[in-house]
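Asks: I grabbed these lines from Swiss-Prot:
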- 304: active site, thioimidate intermediate (ACT_SITE)
- 401: active site, proton acceptor (ACT_SITE)
- 247, 297, 298, 299: NAD(+) binding site (BINDING)
- 299, 301, 304, 470, 471, 472: K(+) binding site (BINDING)
- 302, 336, 337, 338, 359, 360, 383, 384, 385, 386, 387, 416: IMP binding site (BINDING)
- 93-148: domain 'CBS 1' (DOMAIN)
- 152-210: domain 'CBS 2' (DOMAIN)
């Protein structure tokens, strides 16, 4: 018997109604919850795709106030290294800096600094700071077998600060002594941390950046349900990851639910997101397993073919509403996929999402992985679904997401995505600016001062295809493309 559960709607089927407003777009707050314990300064998350998010994109996302989720289509060590790159890129204070002893040779020091991409190393003896050695000390040194004690800045010239010193005083000290690094010490001259002028400059350049309690940029990472997942999670947690995303095509499955439960039981300090799902029942199952947020979206992405190949899914607006209605604000939900315009972000939030995950919007940007290609007079970058043959073949991370065996050979894989190219878009910051500007406009139209106002108070109208045609540009030839509007 044919059972029709409900009529389902997506972004082009609805419009938000304007409301009385005293709110100006420039005055709204875009701060929102990613999970139970993590807040973002903008409601934007970059997708865990191998043509969208690696460390460079994750750094840029966090600097702009969002967060990037590192894809898992790489081995464990490589993914953990990507996490470390993000966490080490900026730090209010490096809590556990790499150190050397006075007896360490210059050759050994150079090897350490090269391997860890650092330029200044504290010199410690019996847990006490005795000096610091920087790139200036080693740059023209020819005797590589001598100890660093011969070339370091010793205690008599060493500039240090006590733990808890104000940012203003530290900046004044750096400027007064014309130095780029200062050591933080305790009452007995024991090393507490390292502060660099570079981190101050980064913080000033990106005042809206999303950081943890130690002043480091936040980053997430995707894992699956395969046999190597426990080792992968352990390595990611050790590297300092802020959030683990148990990322599969079908989040309402026993393996995903048990993996979410396992991560929360073994690493309770780490936030866990489960997905992808499209129903309220799935959301409640993941909530019961301990998920700190859920990810909603089966098949809405521009490169996803799940709805056609498997005949499975739910139009995204209805999926978001179904999950939000079931969760009743106990944990946040992330709307994942099908977002070509900033107005769709506003619709997703109005339907119940707290954050938006995007892939195609950020694919083709300078920060996205991959080389720029020249084709028929235009520049492009590759973009593919994680369910495409290219992503799954020979890479266990992506095949695992779709519950398939990459070792079976490409001819045995059943793809649920395609491979393609998108125009090169330049720096991602320009796109984020336009998308968040559109969201601000929507909040102004609806009288929403904060994201939660839009989530709770939005009202929709259902429209026809004629209504959507009327909404788009019509009866005119575009002569100059707008930065936030592209059709086709």
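Backbone N, Cα and C atoms are what each Cβ position is placed from, and that goes for glycine too.
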Asks: So among the binding-site residues 297, 299, 387, who's got the most Cβ atoms within 10 Å?
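Replies: When each Cβ's neighbours within 10 Å are tallied, 297 leads.
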Asks: Over the residue list 302, 336, 337, 338, 359, 360, 383, 384, 385, 386, 387, 416, recorded for IMP, what is the maximum interresidue Cα distance in Å?
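Replies: The IMP-binding residues span at most 17 Å between Cα atoms.
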Asks: Of 299, 470, 471, which is closest to residue 387 (IMP binding site) if I measure between C-alpha atoms? They're all binding-site residues.
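Replies: Given the candidates 299, 470, 471, the nearest one is 299.
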Asks: Fill in the CA-CA distance, residue 247 (NAD(+) binding site) to residue 337 (IMP binding site), as an integer in Å.
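Replies: Spelling it out, the Cα of residue 247 (NAD(+) binding site) and the Cα of residue 337 (IMP binding site) are 14 Å apart.
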Asks: Among the binding-site residues 337, 359, 385, 471, 472, whose Cα is within 10 A of the Cα of residue 297 (NAD(+) binding site)?
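Replies: The binding-site residues passing the 10 Å Cα test are 337.
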Asks: What does the DSSP secondary structure composition of the domain 'CBS 2' (152-210) look like, as residue counts for helix, strand and coil?
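Replies: Breakdown, helix to coil: 20 helix, 17 strand, 22 coil.
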Asks: Other residues near the NAD(+) site, CB within 8 A of the CB centroid of 247, 297, 298, 299?
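Replies: Filtered neighbour residues, in order: 249, 275, 276, 277, 278, 295, 296, 300, 301, 304, 306, 313, 336, 337.
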Asks: Given the binding-site residues 337, 359, 383, 385, state which is nearest to residue 301 (K(+) binding site) when distance is taken between Cα atoms.
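Replies: Looking at Cα distances from residue 301 (K(+) binding site), the smallest one goes to 337.
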Asks: Let me make sure I understand the span of the NAD(+) site: among 247, 297, 298, 299, what is the greatest distance between any two Cα atoms, in Å?
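Replies: Looking at 247, 297, 298, 299 as a set, their Cα atoms extend up to 14 Å apart.
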Asks: Over the span of the domain 'CBS 1' (93-148), how high is the average pLDDT in this prediction?
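Replies: Mean pLDDT across the domain 'CBS 1' (93-148) comes out at 85.
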